[in-house]
Every structure is written in structure tokens, then in C-alpha cells.
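Asks: Below is a structure I'd like to ask you about.
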Amino acid sequence: MNIKTIKIVTIGDYGVGKTTLLMTYTASGSFPQEYVPTALDNFIHEATINGKKASLSIWDTAGGEYYHELRPLIYPETDILLLLFAIENRESFLHIKTNWITEINQYIPGIPIILVGTKIDLRDSDLIKDKSNFVKYKEGLALSKEIGASHFCECSSRMNLGLEELFKKVIKLTNNNNNNNNNNKCIIL
């Protein structure tokens, strides 16, 4: 039985939770206790959705500006992009349009995108008093439509909320995209 490999790349501002999301998902829901900054990392995770096995090759990228020359090196052959912002960091949300979509259009136009709002557990946190600047779900949904994302979802790595659903959607979208684009492969002889 052939196992399909899906290349997933995560991008977004520094500190939005890319590494934590991937570590939690690939470690069976175990939230990491220490923060480890990432320049570039690759997680491999086997998933079974609707009886079909897939090997997820998930690339974690650094969000800092000083890595803008490194990120494009991993874009070739990407099947789907996870574009992350943190709901408590409005600047990371605004950077989706001002920074990230520009980079995507330059290096991998037409790639399927899932827009992901992270850290939704903070909406219910008693530790944060002023939540007036938090990004609301409807704002994320509107932005996903504006940028032409295939899907929008929110999740919490700390509470392991929405991660399984996110990666089920990744597999479904890549399967649909491959079925619709079987004849669009470029072959150079």
C-alpha cells in the first residue's frame, strides 16, 4: 500500500505558535513545557484519515525578518501552506496581508492556504484582563475569504483544541487538490 506524503509548510510571525502547534500535534497532544526557538525544522507524522494513511512532512519556519531569505528555499513541492497568526497579537494578524501574502504570491502563487488563528485558550484566560484587541473569529474568517484561503480555523496547542481537525482538513484539501489537478503536473524531458 502506497502511503501518500504531504508536504506542509507553516509560516507566520515570530511567536504565533508554529513550533508549539507542530510539537503538540506530532507528540500526541503533549504540550511542550519549554520554548525552543526555531530557524527551520521538519516534523514527520503518520496520520490515518478515513482509512487512508498519509505521511505528513511538516516544515516549521522561523517568522523573524532575518529568515526571509531562508524560507523560500523550502517552498518548492509544497502541497499546502498553514498561515498562522495569534489571536491575542493583532499585529501578527495584520501581517498576514502586509507581509505573508506578498511572500506567498512571490514564491508559491496558487498554493492552497489554511489560515490558522492560534492561542484561542487565551480568550477564556483570567490572566489577561484587556481582551479588546484580540482578533475575533469573524475577523479571521473575513480575512481568509479576502486572501483566498481554502479554509480558516482556530486552535489551541496548550489545550490541544482543533489540532486534529486542522490536519484532517489538510489531508482532505490536498486529496481534493490532487484529484482536481492530476493532469496539471509539469514534466521536463
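Residue positions begin at 1 at the first shown residue.
Even glycines carry a Cβ here, placed using N, Cα and C.
So Swiss-Prot lists the following for this protein:
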- 12-19, 60-64, 118-121: GTP binding site (BINDING)
- Cys186: S-geranylgeranyl cysteine (LIPID)
- Cys186: cysteine methyl ester (MOD_RES)
- 35-43: motif 'Effector region' (MOTIF)
Asks: Including all protein chains shown, what's the count of other C-beta atoms within 10 A of the C-beta of Lys18 (GTP binding site)?
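Replies: Excluding its own Cβ, Lys18 (GTP binding site) sees 28 Cβ atoms within 10 Å.
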Asks: For Gly15 (GTP binding site), which DSSP three-state class applies?
Replies: coil
Asks: Under 8 Å between C-beta atoms and at least six apart in sequence, can you list the same-chain neighbours of Ile120 (GTP binding site), or say none if there are none?
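Replies: Looking at Cβ-Cβ distances below 8 Å from Ile120 (GTP binding site), excluding near sequence neighbours, one finds Ile87, Glu154, Cys155, Ser156, Leu161, Gly162.
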Asks: Among the binding-site residues Gly12, Gly15, which residue has its Cβ surrounded by the fewest other Cβ atoms within 10 Å?
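Replies: Least crowded of the binding-site residues Gly12, Gly15, by Cβ count within 10 Å, is Gly15.
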Asks: Counting across all protein chains shown, how many other Cβ atoms sit within 10 Å of the Cβ of Thr61 (GTP binding site)?
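Replies: Excluding its own Cβ, Thr61 (GTP binding site) sees 22 Cβ atoms within 10 Å.
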